[in-house]
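Below: one structure in structure tokens.
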Amino acid sequence: MKASLITTGIFASVVSAHFSVTYPYWRGNSYPTQWTYPCGGVIANETTDQNRTLWPLDGGAIAFKPTHDWAQTYINMGLGANATQLNITLVAPFNQTSNGTFCFPKVTLPEGVEPKEGDKATIQVIQLSTRGGALYNCADIEFSSKAVDPSPEVCFNSTGVGAQPLDYDGPEEIKDDDDKDDDDKDDESSAISVNPNTIISVMLGALAVAGLMA
Ligand SMILES: *[C@@H]1O[C@H](CO)[C@@H](O)[C@H](O)[C@H]1NC(C)=O
Ligand SMILES: *[C@@H]1O[C@H](CO)[C@@H](O)[C@H](O)[C@H]1NC(C)=O
Ligand SMILES: *[C@@H]1O[C@H](CO)[C@@H](O)[C@H](O)[C@H]1NC(C)=O
Ligand SMILES: *[C@@H]1O[C@H](CO)[C@@H](O)[C@H](O)[C@H]1NC(C)=O
Ligand SMILES: *[C@@H]1O[C@H](CO)[C@@H](O)[C@H](O)[C@H]1NC(C)=O
Ligand SMILES: *[C@@H]1O[C@H](CO)[C@@H](O)[C@H](O)[C@H]1NC(C)=O
Ligand SMILES: *[C@@H]1O[C@H](CO)[C@@H](O)[C@H](O)[C@H]1NC(C)=O
């Protein structure tokens with residue numbers, strides 16, 4: 001009983017800082033395992049393979065719903081029906097700011113990536129929190145000349161949501177821990193600041209206590 005109360009508390013706070021990918025529609029709900037490389041713990045299977053979004057041959061829209069004040073963000077692609085190497089950079093790393101919905105209406109493919117009609121691929125969105133924890137999500141696509149752009153209800157930027165170049169403050173910031181409280185407030189309740197090992201040891205600890213008390 002005690003253990004389940006404790007773990008419920010942890011997982012409730014874990015969920016609050018996750019993000020979802022709304023276009024192309026994500027492979028599946030990754031909330032419980034979103035820190036797992038490469039696709040947030042959502043493994044491709046026959047069902048997810050049937051639900052690919054048709055995406056234009058020269059690239060298309062990517063929309064997601066971030067929940068952090070800001071996050072260092074990467075968007076990559078892997079070619080193939082079940083790509084394991086997500087090694088094509090679609091968007092250079094950037095600072096995605098504020099929460100809500102964020103959308104690039106047209107992400108073009110890098111030079112040399114020339115998919116054919118029907119080729120399959122996986123798009124990976126990574127968000128790194130202020131403390132360096134990483135969250136992963138994947139969306140599976142099929143390149144097609146019949147792809148239709150998402151509506152403005154799907155592809156938009158919420159008020160205040162945007163992107164800016166990454167600005168590293170360097171060692172000064174690392175030494176100066178005074179503003180830690182402000183910067184990290186958002187992350188106090190985030191998944192990524194909770195190491196899964198910590199969760200496990202807390203669970204084991206709680207179970208051990210429960211066991212000792214029983
Ligand atoms: C396939 O993966 C999805 C997403 O994780 C999951 O919801 C579904 O149950 C899985 N289906 C099968 C047949 O394993
Ligand atoms: C995709 O690859 C993963 C591991 O690389 C494997 O577990 C999974 O079964 C594969 N899915 C399909 C549909 O081939
Ligand atoms: C398949 O994708 C659509 C959006 O393209 C989504 O609404 C639906 O929930 C997805 N189905 C599954 C089983 O993931
Ligand atoms: C990405 O990975 C694939 C599959 O392993 C490989 O064939 C390809 O050369 C790699 N591309 C880059 C740019 O590293
Ligand atoms: C952004 O986060 C704030 C503070 O948590 C919340 O009040 C607001 O509803 C969020 N906005 C959106 C669009 O999710
Ligand atoms: C959202 O903001 C990004 C970054 O400024 C921008 O590239 C993109 O075009 C915007 N999306 C929309 C739908 O205006
Ligand atoms: C990202 O943008 C936010 C808001 O402007 C800023 O506070 C933060 O320092 C930036 N982070 C990086 C790494 O550029």
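Cβ atoms are placed via backbone N, Cα and C, with glycine included.
Here's the feature list from TrEMBL:
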- 1-17: signal peptide (SIGNAL)
- 16-160: domain 'Copper acquisition factor BIM1-like' (DOMAIN)
- 159-192: region 'Disordered' (REGION)
- 169-189: compositional bias 'Acidic residues' (COMPBIAS)
For the domain 'Copper acquisition factor BIM1-like' (16-160), give the DSSP counts of helix residues, strand residues and coil residues.
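The composition, in the requested order, is 7 helix, 61 strand, 77 coil.
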So what's the average pLDDT for the domain 'Copper acquisition factor BIM1-like' (16-160)?
96
